[in-house]
Amino acid sequence: MKKIAVLTSGGDSPGMNAAVRAVVRTAIYNEIEVYGVYHGYQGLLNDDIHKLELGSVGDTIQRGGTFLYSARCPEFKEQEVRKVAIENLRKRGIEGLVVIGGDGSYRGAQRISEECKEIQTIGIPGTIDNDINGTDFTIGFDTALNTIIGLVDKIRDTASSHARTFIIEAMGRDCGDLALWAGLSVGAETIVVPEVKTDIKEIADKIEQGIKRGKKHSIVLVAEGCMTAQDCQKELSQYINVDNRVSVLGHVQRGGSPTGADRVLASRLGGYAVDLLMQGETAKGVGIKNNKIVATSFDEIFDGKDHKFDYSLYELANKLSI
């Protein structure tokens, strides 16, 4: 292994820079040249590929986002388009590609490894949604979780001041982990997630029971993959008449300096990705399972169901929110 490349793809997440840094420095430590692909798979097509040095990743571990930039590239699903990308790697003698991103990013990496045996590919899970099989946690999840906690804590201050119910929408796509973990952490009265059937009347009854016991305000935390906060508000109004407001947290959840947990995870996964390439491994995603760094084939990741919603945590949150 003489030359490798690294790119970030899909939605950005805090800790991506730390992962790139780990890839670059582990490779250079092992006398491997490293190239950065700017703007994700689009950069592969546009030949936006540049050599990275030790200094290229200096002062990046604490930065959110990705200095390599990211972009959606739906045309990468077409084989003729991928041929251009593969040729741009081959002409530089690049033998390994590390892809940091989510499920779609992994699928692009798998296609490259299938269509060009000369290029090994390894995926690193970078997304705030925590929705990738083969790992307990994705890079960016912990930072986004802490961002949500900070925001909801502030919203609770104003909710209590005005005796209001706030319906707050968190990101997560089709995975309820962010809403679940944040909801437990902030003491939300109700958590609405895609993994659990939503009964709006039950939510209304719970809020009403709280009011009867003297509660002055409530927090309803909604995962975007289940319903919008506005829809939740509209349906709730059919069963209960309380002063309420909607707050959609939005893209602020993707930003910010990564937490220590995300920096450590990104560093461990980035270093291990290079180790795997040096061992001749390909078409695998790295992850953390039971605090151990592991590698799982892309096929297993796409077919697997090992990243399960924690129903016991959901039940605990329900018990504690009475």
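Cβ atoms are placed via backbone N, Cα and C, with glycine included.
Between the candidates ARG156, ARG245, ARG254, Swiss-Prot assigns the ADP site shared with ARG21, ALA22, VAL23, VAL24, ARG25, GLY187, ALA188, GLU189, ARG213, LYS215, LYS216, HIS217 to ARG156. Per Swiss-Prot, the candidate among GLU114, GLU195, GLU224, GLU281 that belongs to the substrate site alongside THR127, ILE128, ASP129, ARG164, MET171, GLY172, ARG173, ARG245, HIS251, VAL252, GLN253, ARG254 is GLU224. Taking Cβ-Cβ distances under 8 Å and a sequence gap of 6 or more within the same chain, the neighbours of VAL23 (ADP binding site) are ILE4, VAL6, VAL34, VAL98, ILE124, GLY270, GLY271, ALA273, VAL274. Counting only same-chain residues six or more apart in sequence, the Cβ atoms lying under 8 angstroms from the Cβ of VAL252 (substrate binding site) belong to THR147, LEU151. For the ATP site listed in the record, the two most distant Cα atoms among GLY11, ARG72, CYS73, GLY102, ASP103, GLY104, SER105 lie 13 Å apart. For the pair GLU189 (ADP binding site) and ARG254 (substrate binding site), the C-alpha distance works out to 25 angstrom.
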